[in-house]
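The annotation 5-phospho-alpha-D-ribose 1-diphosphate binding site is assigned in TrEMBL to R78, R103, D130, P131, M132, L133, A134, T135, G136, G137, S138, D199. Annotation comment: TrEMBL describes I193, G198, D199, A200 as uracil binding site. The feature domain 'Phosphoribosyltransferase' is assigned by TrEMBL to 5-207.
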Amino acid sequence: MNVNVMTHPLIQHKVTLIRNVETGSKDFRELLEEITLLMGYEITRDLPLEDVEVQTPLVKAIGKQIAGKKLGIIPILRAGLGMVSGLLELMPMAKVGHVGLYRDPETLKPVEYYCKLPSDLSDRRIIVTDPMLATGGSASAAITLLKEKGARDIQLMCLVAAPQGVEAVNKEHPDVRIYVAALDEDLNEHGYILPGLGDAGDRIFGTK
Ligand code: PRP
Ligand code: URA
């Protein structure tokens, strides 16, 4: 399996809190934002830098700034929305696109209902966000759509993944780097991740 599991103690601590069934929507949203910010710090570690001249109050100096590719954050609606604010804190210059998919409860297959993307996808590093990577159907479908629209440099960022979801995305999109805060054990008969955290969208937005 080709997946990066983020083992930073702060991330692991917060993942335990967010799994807890007693954690309400407000705390769930805050924890998700905090975890995303910590993960974002890690996944942008390899962004290229270039030299730039900066005038300090004393002298001219050479500093570093992010070079090259621009960034795009693409949440898979709805639950992926919960991971946008953490990334925007780090990268306020990123453009945000949206892909709307829901998983049919019977077939577990993704159904697309919305798509609005930045026009210059091929020039951007794209970070796809979705807290849950279960069967992998939704993430794979979203990535296929983004590639059809020109995206070439894609990272997938999830909170919790099942091995089946990682394998499915690895198989369909071997070029996509996957980052998760936790790699769980299995899926249940309804396609929910075990131990997981339940339905991420419902927990973020307080629906059921
Ligand atoms: C959840 C989750 C993922 C998908 C994961 O979304 O946020 O998008 O299921 O399952 P998969 O890997 O088996 O495709 P859901 O369809 O419940 O929609 P929601 O975000 O609107 O709640
Ligand atoms: N979608 C969720 O929100 N949770 C799961 O465990 C699986 C899919």
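Along the chain as shown, residues are numbered 1 onward.
Any Cβ shown, glycine's included, is placed from N, Cα and C.
Remember, TrEMBL labels are computer predictions, not curated facts.
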From D130, A134, G136, S138: binding-site residues whose CA lies within 10 A of A200 (uracil binding site): D130
Mapped DSSP class for M132 (5-phospho-alpha-D-ribose 1-diphosphate binding site), helix or strand or coil: strand
Integer average pLDDT (0 to 100) for the domain 'Phosphoribosyltransferase' (5-207): 96
Site with most surrounding Cβ atoms, counting all protein chains shown within 10 Å, from the binding-site residues R78, A134: A134
In sequence order, those binding-site residues of R78, D130, M132, G136, I193, A200 whose CB lies under 6 Å from ligand 2: M132, I193, A200
Listed binding-site residues among R78, A134, G136, S138 whose Cα sits within 10 Å of I193 (uracil binding site): A134
Spatial neighbours, same chain, of G136 (5-phospho-alpha-D-ribose 1-diphosphate binding site) - Cβ under 8 Å, 6+ residues apart: Q164, G165, V166, E167, A168, V169, E172
